[in-house]
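Among the features that TrEMBL reports, domain 'Cytochrome b561' is placed at 73-272. Summarising the annotation, TrEMBL assigns transmembrane segment to 12-35, 69-92, 104-124, 144-164, 176-201, 213-231, 251-273.
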């Protein structure tokens, strides 16, 4: 009996490239929306609409071995220059950001979309897109680093929105968007802890890790999809509250939502498809 043809199968590599391009596209659109069409936000401001932003924000990457650090740098550099070029072009040609105070940098949507959702998706794709195919420790280090960044951004994004509600005397946790967002960040934190204690320190037995791996993978995808659904609801909520119609801002908001959906599809395909 002749073997079945596998010509219909594709590898995960082109899908991960597509996912990285979507990362860049969503990042660019979010920056255009927040910097051009919104008035800017700050962690401390007399204008409470600006409390989605913060004056200064930094994340620290944990210390890594030289080999791991080199692979991590290679991975981040793949899309980094393009993102920086897009940001620089936007800042220089459209927004005159160099004339603005340094506190004007968008944050709740910036942190939750770019910092939380996109970073979490990149962390999931890291096992298929990192250069090292044989050293699983390198892939784990990249995955853990990006997930740590995503968790930090998600927590800080929640703090920012609670601060905004507190200073504007708005009730907390009244919309489905807020409920799903809190569920997503809590599940993400639980998933992070379970994965850390199972695979990093102190580490479970090999048979326990193998048995938990399918559930860890499924849980990661489920939480990512939940976070993206929450973001879509947030975009819709913002769309309706701003009474957007047929305008440039409306198109940008809609395309952010569409590209986030495509990003979820790309991440899911990356997980199920073989690397080569």
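Going from the start of the chain as shown, residues are counted 1 onward.
Note that Cβ sites are derived from N, Cα and C of the backbone, with glycine treated the same way.
TrEMBL entries are annotated by machine, without manual review.
Residues 9-12, 15-16, 18-19, 22-23, 25-26, 29-30, 32-33, 37, 113, 117-118, 121, 124-125, 128-129, 217, 221, 224-225, 228, 231-232, 235-236, 238-239, 244 of the same chain lie 6+ residues outside the transmembrane segment (251-273) yet bring a C-beta within less than 8 angstroms of a C-beta in it. Non-local neighbours of the transmembrane segment (213-231) in the same chain are 112-113, 116-117, 120-121, 124, 177, 180-181, 183-184, 187-188, 191, 194-195, 198, 257, 260-261, 263-264, 267-268, 271; each lies 6+ residues outside the stretch with a CB under 8 Å from one of its CB atoms.
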